Amino acid sequence: MAAVVRSACLLIQLAVVALWCSHGAFASDPALLQDFCVVDKMSQVRVNGFPCKDAKDVVAEDFFFSGLHMAGNTANKQRANVTAVNVAQIPGLNNMGVSLARIDYTPNGLNPPHTHPRATEILTVLEGSLYVGFVTSNPENKLFAKVLNKGDVFVFPQGLVHFQFNHGTDNAVALAALSSQNPGVITVGNAVFGSKPSISDDILAKAFQVDKNIIDHIQAQF
């Protein structure tokens, strides 16, 4: 009987280790098994990531992007602009597990509450001052927030709702690095109030504990 119990315990331990390893294997972008895997934009193959083009057809421009020295257009409701540099802009980033973004903010400019489902973000303020923060998952929903000045760095954990707000009187610029070639963005307001088709205002009114007329007004903004 003791031998049977030991065997059962060993099997359980192996199963736990296997599940943990499996989770780790899928926790980030696929690892490279070669020097590079430049995106083949003409391929009809659909994989988790992008198929590679023939190495003999790869050129230096596949690893190049120019434009982060230029300010983004902040003439919008949020008065902020994100210039993404991910696998869509640099084909050579495929399977590399990293990307960048430049974020410009006018005074009172806001990068609204959003998440990156596939990446942790580390943000550096290049100019100006930002009030930034993120909120932990349920049930605590604890806010971690801080004012950042030029040269300051802040980390937003993967998948958590976060934001940046320019509370200063001058324009602000930040550079963000993300731990995915294609981190994705889910802006909370757009997803909840701007979905197509719309989420029922009955559902949203109950979720936010407000009158349906308020929900209808908010949805009209998106």
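Backbone N, Cα and C atoms are what each Cβ position is placed from, and that goes for glycine too.
If you go by TrEMBL, Cys37 shares a disulfide bond with Cys52, out of Cys21, Cys52. The two recorded residues, His162 (Mn(2+) binding site) and Asn111 (oxalate binding site), have Cα atoms 9 Å apart. Neighbour count (other Cβ atoms within 10 Å of the Cβ, all protein chains): 26 for Asn111 (oxalate binding site).
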